[in-house]
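What TrEMBL records for 166-198 is compositional bias 'Basic and acidic residues'. Taken from TrEMBL, the feature domain 'Trigger factor ribosome-binding bacterial' covers 9-155. Sequence annotations record features per position, and here TrEMBL assigns domain 'Trigger factor C-terminal' to 225-358. The region 'Disordered' annotation in TrEMBL covers 166-203.
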Amino acid sequence: MSNDFVKNFSITKEAGSTVKVTGEVPETELKKHRAAALKALGEHVKVDGFRPGHLPESVLVSKVGELNVLNEMAERALANIYPIILATHKIDAIGHPQVSITKITAGSPLGFAITISVMPEITLPDYKTLSHEMNQSKDEALVTDEDIEEQIKNILRQKAAYERLQKKAADGTPETHTHEDGTVHEGPAHDGEGKPLEDTEDLPTPELTDDLVKTLGTPGQFENVADFKVKLREHLTIEKTRDTIAAHRAALTDKIIEASTFELPQIMIDSELNQMFAQMDEDIKRAGLKMDDYLTHIKKTRDDLKNEWTGAAEKRARLQLVLNEIAKQEKIEPEKEKLEEETKHLLEHYKDADQNRVRIYVASVLQNEAVMKFLETQ
């Protein structure tokens, strides 16, 4: 029998970017899976006098019950026709479907209902014009002389604080400080806000000299004060350029998302949350800590973090949907050579990672970057 019966299934759009598929699988189709169902169930049933997996059907059914056999048949039948349902009705599914059996009786068709999360229909604004307008007012990454002087002050304060602590450690004596009334107390001095004096602007700082800059960074990195200031400006320019680009991109995508229309499937929010937890788990493991100990330390549960992160997860999911849709409309794809190169590079560092998942991740990152560069050139 052909799969024409799939065409008769009912497809209903529901809230939350989901569709519900209902219908009946003919008994003739269901019966095709009886042998496989019996074999699977028989592997877990032991009866004296019979080898495992070689029970006569009548004996096996008497042990497990006909309903269990029918349920196993139903599961296999629906798994078999699910991709046919998607292809026949052009359903762009994401995640795993929710399946429920509505009718199951020996000698009758199988009634079912499947709820499927689907990629939402996205209506984008005129993102080219919007991007062009915002690009005209993009901030420049300018590093001023004041920026340089402020950074130098911070570096000198940090150096003074570090050397003071090193001296205390070398002396082997507890750090003390004197109050205005002349009394001496253990521990570092604190400012009016309770911060250690080393963290305030009151800590005396050394003079910036050629000899001093030679002690900063890696050996031989700076020749003199002039060289130090040139390289510091270069470093700050790189940092400010990166921060300016990030801020502009965030503002740009926020505008596009705000002007877009679509329903966000819950499954996509859950997926982002799972990624955020996976990243946190990896970071904690790399730090040599245990998740339970970390949660105890911050006095929070995973549910607490989930509630706190849901807003960010939703924003990430919306951003990814919009970037994907722009890539689709503009036919933007990652460069194959770059994709292979970056995938190989990551797999060298994460040897136990699934190659296909790494490739998908890299493709997504490269595509997102290509879309952002496209928007920035409008």
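Glycine is treated like the rest: Cβ placed from N, Cα and C.
TrEMBL: automatically predicted annotations, no manual curation.
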Review point. So how many of the residues in the domain 'Trigger factor ribosome-binding bacterial' (9-155) end up helix, strand or coil by DSSP?
Key: 66 helix, 30 strand, 51 coil
Study note, to complete from the structure: For the domain 'Trigger factor C-terminal' (225-358), the DSSP residue counts stand at 110 helix, 1 strand, 23 coil
Revision key, fill the gap. Model confidence for the domain 'Trigger factor C-terminal' (225-358), as mean pLDDT, reads 94
